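Peer 1: Here's a structure for you.
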């Protein structure tokens, strides 16, 4: 059963009288339906009295074997309410039919076999018979004859019955009624009880309390089963198991979970189950890295052709450690001035503090005469925005929740370690793989250590994602990163950049004035919770913005399993984000070409001083 929150609750399933299928033979009403029995009382638990029970046969004419009496001392406990009822002897005989001679059912007696494996999903209960007890009344010479017949049948049962029929039961099994079994002929009774309890046997388990039943109700179901056991020989154990058969082939726990997930997937066929688990850690343990000199080519095989990115600092490509074969990402930083090395040392110091699976991990740092190379965890999924604009990807609001929650987890850890990223943007959020929803934050080149008691100001970043305090060159705090998170969330939901202008000046003016709004068309399918989440981040006043911890407690980022069932509408942001990425690429190419042309003109005129060269 799937709860409201989507969990599969597994539990022992009671087999009530109303839920049990009818007998296979004739599909007619069962014997228990034809002859309803009165509710059992405390008197039913005492040995029967021929005078009090007019329906009991005369012991002199139809004596019961003493072996049919159950030893109360060996009984594990009263019957659980709703447990399956005992099977008839006719369904378990060596040839598939009951013994007409009145012997007990096949496998109904004998020493118990080895305990079944813990993974067994059905358990057999062998109800021990005490040969010292006998029914009331004078048995005479018939007692010895019946006892011999019972012994022969028990021996036949041990030879021909399956192994699991002899396995001992857990204490939660059905206990036999103390009432005499002379209501039906001996050939139609059995002492085997199978239960569908899929738990490991525990001798300390009392059993009946868990089922919530009473001894009286349990005895009533036993009495009804004994009356109907004569028709059980034609029943099938699997599929249409009738109520006379006390064996239920309960599937294993893993199968039940799989079936529940399949059912959920069928009910919500338009929703794909999200892998909202935390991403796996780096393929190497967290380490404290120190910048050292060395020969890069002797330790690593650089693959400069497989470029992963680049910028003002240099380029990023893949590489392989020769000693271990570990694939890594190599960030090659040009060392032109002493400040360049100082910035790299600060980046190494920051990354040494960040041991979190939503944050990229540093492996090694090597300095050469002209470069500093940082070897980091390789993340193969690519940029988040590149991933979600794929035509085969179905972006929903729930996907956005999963992405944003992981980003918040990484930011929260950074802030607890007194680190500010200060350059959160879509390019710095990578997917772990090309198919899942797991992301990691990268690029700590602009990150700073943060002390709330000290004033910290910065004047760098990407204009679209800068906060008002950075543009104004005011004191920053951990809330500065939260503004950038609000911009990223806005873009994931709508595909639009809230402050993007025709140029950087217009963009910065929009940021300073906090001039933004929810576009009616693009936010048509977005929930009010998502809008409230963004509104509490894109606030000019730092103190009014949510922290990372408050974001994780926001209603929008919680109860994802429940929201996934009803929030399956595809967002329009996919199409708009694709246009945004195309425009971003065009802008980068335009700037690069313009800079190259300008440099060519200036160099030809000999006025390099205009560029500060």
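For all residues, glycine too, the Cβ spot is worked out from N, Cα and C.
Straight from Swiss-Prot, here's the annotation block:
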REGION    1-168  region 'Disordered'
COMPBIAS  1-20  compositional bias 'Polar residues'
COMPBIAS  56-66  compositional bias 'Pro residues'
COMPBIAS  95-105  compositional bias 'Gly residues'
COMPBIAS  106-122  compositional bias 'Low complexity'
REGION    219-240  region 'Disordered'
DOMAIN    302-557  domain 'Protein kinase'
ACT_SITE  423  active site, proton acceptor
MOD_RES   462  phosphothreonine
REGION    591-603  region 'Calmodulin-binding'
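Where in this structure would I find these features, and how exposed are they?
Peer 2: DSSP assigns residue 423 (active site, proton acceptor) to coil in the three-state reduction, placing it in neither a helix nor a strand. Sequence-distant neighbours of residue 423 (active site, proton acceptor) (same chain, 6+ residues apart, CB-CB distance under 8 A): 443, 445, 446, 447, 460, 461, 462, 465.
The DSSP secondary structure for residue 462 (phosphothreonine) is coil. Residue 462 (phosphothreonine) is surrounded by 17 other CB atoms, counting those within 10 A of its CB over all protein chains shown.
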Peer 1: Where does the mean pLDDT land for the region 'Calmodulin-binding' (591-603)?
Peer 2: 41
